[in-house]
Amino acid sequence: MTDHAVFATTRRVLLVVVVVIQLGLTLPVLVTHSREASWVAFVLLSSVLVAGFVAELPAVIALPGTALVLVASILATTALPHAASFGPADWAFGLVGWYVLLLLIERPKVAMAALAAHIAFSVAWFLHDGNGDLGTAGVVILSGTSLQIGVLVMTRVLVRDARLAAEAAAEHDAARTREELARQREQDLRTGFAGQLGAVLPLLADLADEVVSAADEPTRLRCSVAAVQLRRLFAENDEVPDPLLHELTACVDVAERRGVVVSLAVSGTATPVPTEVRRELVAPMAQALAAADGRAKVSLLRTADEVRVAVVADAPGVLPDGGSPALVTVETSVHSGLVRSEARWRTT
Amino acid sequence: MADDVTAVVVDDHPVVRAGVAHWLSTAQPPIALVASGEDPEVAWTAPAESVVVLDLHLGGAAPAMPALRRLVEAGRKVVVYSMRADDDTALQCLEIGALSYLTKSEGADHLVQAVRAAAAGQSYTPPALAGALAGDRSETRPALSPRETEVLVEWFQSESKEFVAQRLNITLSTVNSHLERIRVKYAAIGRQAPTKAALVARAIQDGLIGLDDL
């Protein structure tokens with residue numbers, strides 16, 4: 001795209017140059033030294049001007065166009081009066097060079113070859129014709145072609161710089177996108193954490209404000225619940241083959257640290273469970289484990305159409321409120337000192 | 001003395017053999033250990049009515065399924081005692097005809113009950129096995145009634161039959177008969193084995209299950 005822009009601009013400039021030279025410089029010369037073949041060459045060159053309006057020239061236009069220009073060059077040179085090569089009457093020599101550039105600006109190698117052919121023929125004709133001033137010829141050739149080759153080189157440099165700039169810009173954009181993505185992800189994680197910190201933040205606030213005391217049993221229960229919730233939250237983003245079991249194990253681990261003897265039984269094969277559902281499946285069991293003392297049995301059962309997480313535990317105290325789940329069915333009951341809590345999720 | 005329960009322990013770890021022997025001898029009433037060793041061949045030296053407590057992983061990498069099959073086909077009553085808790089292995093052992101499948105994390109109580117049940121030609125379903133049956137997704141699994149499934153799941157979850165009985169508002173013996181019915185349904189599917197056939201025949205005789213249920 002950037003190459004295209006450079007070539008299109010250069011061609012537009014070259015078009016202006018060619019038109020100015022052709023109308024402003026060569027036409028007056030041609031009128032005074034008019035010959036039939038010269039006019040044919042002039043018309044041939046003018047017909048190629050159309051190509052100057054095309055932004056990007058395909059080879060099928062550029063190469064035949066160049067052939068026409070070279071034919072015009074031969075016609076114009078051979079039609080010159082005796083010993084007029086490279087003199088004021090040689091209207092075509094510089095103009096043909098600009099036409100070659102106009103047609104072949106994207107193809108520097110072909111352009112160089114065409115220029116070389118044009119110069120070689122002009123020089124050969126000059127030598128064949130004889131009697132010319134060698135010094136004047138050298139100055140005309142050098143000044144004319146060096147400017148044209150300079151334009152060719154400048155265009156290459158511009159193209160290269162444009163490419164480098166485009167790459168730098170793309171890299172900059174990609175960096176900006178990555179930065180924005182990382183910021184977004186971090187923000188999501190933050191909001192996610194804040195949303196699931198659940199009991200932790202109010203508890204910390206109450207402890208800091210000395211509204212509650214760590215010596216009280218209810219506060220200890222709240223701490224216990226918060227510890228299990230936090231541990232589960234840390235486990236939630238781990239990359240593991242069986243995330244639900246991983247989160248259960250994390251909660252069991254916290255309870256075992258508190259001295260509860262927990263046995264964990266797993267049955268059935270792992271099935272994918274969405275994060276939201278996992279949270280709700282684990283929550284009741286985490287609540288019950290936080291309140292448990294003595295022994296607890298945690299079980300995970302995965303049948304063809306259901307995932308069931310249950311806990312049966314010695315829990316003398318009152319269970320903390322588990323909130324109201326939206327995606328799973330929770331059933332909690334107390335039977336002679338044992339609390340049983342089960343969360344069920346239908347996979348189908 | 002003919003009613004006395006006897007057992008053989010096949011396990012490659014001396015400590016497990018000693019532990020199991022201790023559990024059996026201290027049970028009330030005690031269960032006599034007539035032989036023990038690390039090779040399944042030792043089971044054949046014991047009287048045919050002895051219960052074989054078989055470890056599935058005897059040194060080699062492959063489980064001792066062929067040994068289990070030979071014992072079961074000869075009508076031996078086998079309780080598989082494995083360190084592995086995966087459902088597939090448990091279900092496979094039941095399919096072959098083991099009367100019970102216990103994981104080594106399950107304690108003395110379950111082992112003694114399983115040996116006693118096996119001596120009487122009955123199945124015993126410990127909680128882990130109940131979990132395996134409840135989570136069974138195979139095509140050939142028998143159809144269980146909702147109540148049977150609930151008993152299986154509750155037993156797996158609580159490890160206490162009293163708790164299951166209380167929760168489902170049924171008696172302890174009803175819990176047991178539900179578990180037995182489930183095992184009979186499992187015994188009626190797949191390959192035939194003398195122990196499985198006996199389990200089914202006996203359940204029908206006792207009126208525990210009708211032919212229509214199978």
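Just so you know, glycine gets a Cβ as well, placed from its N, Cα and C.
Fair warning: this is a prediction, and the values are worked out from it, not measured in the lab.
According to TrEMBL, the protein has these features:
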DOMAIN    B:6-119  domain 'Response regulatory'
MOD_RES   B:D55  4-aspartylphosphate
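Taking Cβ-Cβ distances under 8 Å and a sequence gap of 6 or more within the same chain, the neighbours of B:D55 (4-aspartylphosphate) are B:V10, B:D11, B:D12, B:H13, B:V16, B:A64, B:Y81, B:S82, B:M83. Averaged across the domain 'Response regulatory' (B:6-119), the predicted model reaches a pLDDT of 90. Look at the domain 'Response regulatory' (B:6-119): DSSP puts its residues at 49 helix, 26 strand, 39 coil.
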